[in-house]
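I have placed the structure first, in the form of C-alpha cells, so that the comments after it can refer back to it.
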Amino acid sequence: MQASAYPSVKGGKIGFVVQNQRRVLLNLGESTSRRSLSMTGGTACCGGLSLNSMASMGVELGRTRLGVNGIFGSSAKPRSLKAQASYEDLEGMVPSKQHGKSSGTVLPFVGVACLGAILFGYHLGVVNGALEYLAKDLGIAQNTVLQGNTLLAGATVGSFTGGALADKFGRTRTFQLDAIPLAIGAFLCATAQNVQTMIIGRLLAGIGIGISSAIVPLYISEISPTEIRGALGSVNQLFICIGILAALIAGLPLAGNPLWWRTMFGIAIVPSVLLALGMAVSPESPRWLVQQGKISQAEKSIKTLYGKERVAEVMNDLTAAGQSSTESEAGWFDLFSSRYWKVVSVGAALFLFQQLAGINAVVYYSTSVFRSAGIASDVAASALVGAANVFGTAVASSLMDRQGRKSLLITSFAGMAASMMLLSLSFTWTVLAPYSGTLAVLGTVLYVLSFSLGAGPVPALLLPEIFASRIRAKGVALSLGMHWISNFVIGLYFLSVVNKFGISTVYLGFSAVCLLAVLYIAGNVVETKGRSLEEIERALNPAT
C-alpha cells in the first residue's frame, strides 16, 4: 500500500507504512520510477503491528458451547454422521482450564520471533525517508522504466514459499532460512551503485518479509499457552509498528547527511543476524514435532516452554488431535478439498475484506485530509495517526482473550464503516462545509483506531488457530498470499477509480464493504478464545 508522509497502515500481519506523499505516487503525475521502490504491501501496523469500541463487545462466544453454530453459524452442515458426532461431543465441552504459573517461559521466544515482525515493518518503512536521496545517487529520478513494486512482488513470492518451508524444515529453521534474504537484501540495498542492484536487494527483502508475514504469527500461535495466545498473537502487530517507527527514526539524520540512506538500509542486517542466532536456541513448535513423529523432542520443547509439570498434559492434548500426528503432510490441493475449504475460504476472505475496507484510501488522502484541517506539520500528523494506532493495538491486546476475536472483528469493521461514512459526508454535505476539515480528521483517526482494534491484528492471529495442524502453514501462506495480491491490485487501480467516481463515492463503497464484512464475520467466523488449538481442530476438522 502506498502511504503518505504520515505513518499509515497497510492492511493485513501486514503494516503501518510510512511514505512521503510528495515523493511516492501520491500525486497522479508521479513517475513510475518512484513507484518501483515505494512500499505497497504490509500489514496494518500497530494493530497489525499491520492503521492497524463503537459497537458492543459483550458477545463472548468463546464461553458458549463450541457446536456447529458456535463454529461457523447455523449454515454449517456436517459432512457425515461421524462429523456430526464430533460436533455434538463438543456441546458439553467447557473452555480449556486455566493453569497456574509454570516453570517454563514463552516470552523470550516470542520476542525472538518478533524480530521478524520488526524487520517486516522496517523494510516496509525504510525506503520512504531514503527515497529522495537514493534516487539522486542512483539516477532514478529520470528513470521511467523501473520494474514495478519489487518489494511487493518479493513479498507475494515469500508468503507462498513460507508455508512450504515451515512444513518441510520446521518453524525455527525456516526463520533461520528467512534471515538470509533479509540480510542479503539489506546489504545489497546499502551498497547499491546502480538501480539493478537496488531492485534485486528490494526483491530479496520482499521475499524475506513475505516469509516473515506467514511464519511469525504461525510460530507464536503454536507455542503460546491457550490462556494468553490472543495477547501474544497481537504482539506481532505491535512489533511491525515498532519496525516502521524505527525506520522513521532512522531517517532523521538524512537532512544533515545525504549518504545516510545507505546506513538506513544496512541497519536491517543486525536484527536479521540476531533472528538467525536467536532461533538457533529457540524451541521448535511442539505441534510440528508431534506431526513429524519426533515425540521426545516435542516433550523437550514443551518442558522449555511450559515447564516439566505440564509435559504430560500438553502431550495428551497434542496426540488427542489424532489426525495431526497420523496423517501425511497436506499438499496445496488439499486446501481446496471439501474437508478444509470452509476454513481456508474464511482465512482468505478476512484478508480480502481487510484490503477492500479502504485502508489504502485513508493512506492516500491522509495528507490532504490533515492539511484541510490546518495541520500542515508532517510530524504532528504522524504523531496523531501513530497515537491512534498504538492506543488501538494496546486495547486490542488487552481484550483479545476476554472479548474474543470475533467480537473485536465485528466491532472493528462496524467502526470502520461509520468512519468511512463520516469521511464521505465531510466531503459532500454542504451543511458540514464549515466543519469539513475537523470531521475529516476525526473520521481518519476513528478509522485508524477501529482498524487497529480488530481488522488489523485479528486475521493474522485467527488463521493459525482455525487451520488444522497438517494444513496450518500452507493455509496461512495462502491467505497471506491473498493479502499481498489484493493489495497490489487495489494499489494498481485505486487512483483511476477515484478519478472516475470521486473520493466521496469510493468512501461510501468502502463503508458498504465494511458492513458486508460484519455480516460475513457474524455468520462464518469462528470464536477461538479460551480454546486450545487441539480443541479447535477437533471441532472444525473432525476425522472423516
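Here the Cβ of each residue, glycine as well, is placed from N, Cα and C on the backbone.
Automated prediction, rather than curation, is the source of TrEMBL annotations.
Copied over from TrEMBL:
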- 106-125: transmembrane segment (TRANSMEM)
- 109-529: domain 'Major facilitator superfamily (MFS) profile' (DOMAIN)
- 199-220: transmembrane segment (TRANSMEM)
- 232-253: transmembrane segment (TRANSMEM)
- 259-281: transmembrane segment (TRANSMEM)
- 343-367: transmembrane segment (TRANSMEM)
- 379-396: transmembrane segment (TRANSMEM)
- 408-432: transmembrane segment (TRANSMEM)
- 438-463: transmembrane segment (TRANSMEM)
- 475-495: transmembrane segment (TRANSMEM)
- 501-522: transmembrane segment (TRANSMEM)
How about the transmembrane segment (106-125) and the transmembrane segment (259-281): do they have 3 or more C-beta pairs under 8 A, pairs 6 or more apart in sequence?
yes
Result, the transmembrane segment (259-281) in contact with the transmembrane segment (475-495) (3+ CB pairs under 8 Å):
no
Residue list, the transmembrane segment (501-522) vs rest of chain: Cβ under 8 Å, 6 or more residues beyond ends.
73, 349-350, 353, 356-358, 361, 365, 406, 409-410, 413-414, 416-418, 420-421, 423-424, 427-428, 455
